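See structure below.
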């Protein structure tokens, strides 16, 4: 197949920042892209061969895009899966497969899948209804505290709550859910796995999420994770197994916990380029976005090693600011060696909206970590 | 000034591959861009905020673009300079300055400028006409062999000839020219200098052009050049001086010779991102294209150091092939660690047309050089 400066067309469902960073790679390779997003002002409005406004949950919109392209991929999971299934049945190449997207979209099924495939994950129980869960709690069959998760519709930490007391149950929505044993963990880790249509598979190094000591929020994504080689190798092996168990094609970001006794437990997966891999644009031999394109087009996978240490800081809208965005002190952070801001292209900021990220690279991790803190303390996403 | 996701607009004259690689950076920063190119299918047709078809030599086209943007830059020197001068007089920010573009556009004036500013360059004489040169040769005032250069209109080696015998003079065009002493040189080197509007200045490491042992053609651009530190430092110092002498704003690629006795002589300059800096996308902390944007917008300059060794191989159309392009064996070179093809987005190949380039990066230069040769011997730009 000839992809380069040819008639070949790649479809992308979703035109947000992940799509935009994919477009950097398709432009580099001169691969034609057709992109759909609900917003006319989505980050992908520039850089695609064609950009369409449309709902990703609309059956006809997805079918329509699929019919115009040779291969279809996603940058967000929340799309019309029936349409993807129809397209795949009709012979269209859809990566990741709709089957996997459907399986992943339900956290109960995702957990069952791990159990079935001997992938280590925190113990859990599934409940069709909230009252069923309450009965188990009353009877002592679920120990407090535990982690409640809605099986469907959760996004960015939504649909996840820690239940510490019986009273906490009262605030939970009436929905299918799981109760997961709360695991004391040392580290939250992630491994990105790339697997191509022909089954070539590679893992990126393990990254570590460093949390703010008080606020329960990820501050830094650090690559490589500051963990032992044994734990790192184990995490990569497990991530590999997850991707292979799904017969996944494309990128799979596997989020994991490192427990107090150095066990690795899979938390959840994202079947696409992921926030935890943004560092790769500057730090790795092959960026995660290029790797995703390589994988779904059955090109050889690129080297996943890092050239230098990388740390990523998200740029989210400051609390108390809404409206036309201003990146306060951006010129100050750009004056520091190895600092690269990525501005996603959203004109309006809102509290906690993901507006961009900053990558810090350095030969020396200690130095990179210092600079990352300086970046974090300097730049602010505010409004005019 | 707020450039990021704002109303600020950058104009770019020229929509070829250099413009396209600049757009990668303006997209990363979400800076609005207006681009003009004579071809509707130019590489910059995607990725700009607005793309216009128009002649770069047309006064009104250039004025028109200038009036729509806040800062104007170029990706090719051959543009209407009167229009740029008018715009600058009216207060528009034009980088590089039209004055420098005009000076550089005449090789005689460029050489005079070097002489005036004590910048080492090969000895030369200027001639208003070809007969005047012939008289000097006849009278032994110009020694054979020498290098003849048309002062204007040369491009990519056009307008340059080695005159070995008197008879060679007969084939030269009737035009203003210079006769330059032929210098036996060890190496052709280049240094890219970035200088911002506020005068911050940085040089990239010295790169080396490696020529094919028989064909007189650059095969590899190698960074860092395999030369002594003393020679490298001298080359960087001289390049710095050239940029400062021009009061240049933006990138300046300074092409130089290393003579048999390790002198550095400036050959010529390009006032923009340059083929000799393409390696920087993968190898440097800051790519030359990002650096150009930083410089002309008076943002702090980025680190010019390399993360790893880099080698660049141009992809030019194979002789004997014209028509819709095919990159034969591209998947084979992509299977090698550290190999990144850049496809410029020209649908039609022609013999020797610049269609793309490949960057090879590696921690180890010897290994990179081996891979570069493998790349060169594997990929072919042919037609369907």
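Using the three backbone atoms N, Cα and C, a Cβ is placed for every residue, glycine included.
The following features are taken from TrEMBL:
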- A:107, A:149, A:180, A:181, A:182, A:183, A:188, A:267, A:268: ATP binding site (BINDING)
- A:111-297: domain 'ATP-grasp' (DOMAIN)
Surrounding CB atoms that lie within 10 Å of the CB of residue A:268 (ATP binding site), all protein chains:
17
What is the average pLDDT across the domain 'ATP-grasp' (A:111-297)?
94
Just to be sure I understand the packing, how many Cβ atoms besides its own are within 10 Å of the Cβ of residue A:107 (ATP binding site)?
23
Neighbouring C-beta atoms (10 Å sphere around the C-beta of residue A:188 (ATP binding site)):
19
For residue A:180 (ATP binding site), just give me the three-state DSSP call.
strand
Number of Cβ atoms other than its own within 10 Å, given for residue A:180 (ATP binding site):
22
Which three-state DSSP class does residue A:107 (ATP binding site) fall into?
helix
Neighbouring C-beta atoms (10 Å sphere around the C-beta of residue A:182 (ATP binding site)):
15
What is the biggest Cα to Cα gap, in Å, among A:107, A:149, A:180, A:181, A:182, A:183, A:188, A:267, A:268, the residues listed as binding ATP?
19
